[in-house]
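S.K.: Questions regarding the structure given below will be posed in turn.
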Amino acid sequence: MKKKKLKNYEIYLNPIGKGRFGKVYMGQDLKHQRKYAIKKTTNIPMAKHEAFVMQNYGSHPLLPSFYNFFIIENKAYIVMEYFPGTNIGDRKFNTIKTRSPQKAIHLTLKILKALQHLHQKGFAHHDILPQNILFKEDNPNQIRIIDFGLTKQINNSQQNKQYKTGDLSGVAIICLYLLVGFLLETPQEIDPFINGIKSETKIKELDLITPHLKNILSKGVHPNPKKRYHSAEEFIKKLKVLL
């Protein structure tokens, strides 16, 4: 495999992942041979922002650790924790038996706990999608939320509260995805689920969701943002009742 030396790192040139604004490579430091994930992008302002977010959310077991940031030849590099796995939007995820309410709830709670920490640190992810949740194939309970290029700094303003609500709505949609294996994305798909109206497609899978869990998730994707969850703590409390 081709490699390239860059500052104190050796980078393998075959990408291991792709984010919204760049590619991710595996690398290692030349002194200790420790493995890292290294994101490379030409969008320097976005990379600076992402590095700032990662530096400031600190340490959390469900968020990748930040190690370094540098710019060489008009390209930005973010050095972060290497997490061997794939994203839950990958077809490999569907080969792992996760589609039970208990497993879906456990994974959803992990995502919520990571967001709880992120929100407490003053950030909303603003891009909660299956491809931004990594898991280990041999242990799907081990996850990381990734890709902080669109992350927003938040305070207690009304607009910032909407960013948090958007994150939590994304988590509810991911939980549904974990349960049934497809994404409910459009109003035409979500409205029948919320209102209990039978749609012509995919209804069989949705009918397998228990009424209690359905009520919890319906609140998360309610068309009126004011009626959704406004904190990760609130969402966590509701889901924990089902364990």
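Using the three backbone atoms N, Cα and C, a Cβ is placed for every residue, glycine included.
Okay, these came from TrEMBL:
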- 10-243: domain 'Protein kinase' (DOMAIN)
- LYS40: ATP binding site (BINDING)
S.K.: Looking only at DSSP and grouping its letters into three states, which state does the residue listed as 'ATP binding site' belong to?
M.R.: strand
S.K.: When a 10 Å sphere is centred on the Cβ of LYS40 (ATP binding site), how many other Cβ atoms does it contain?
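M.R.: Total other Cβ atoms inside 10 Å, all chains included: 19.
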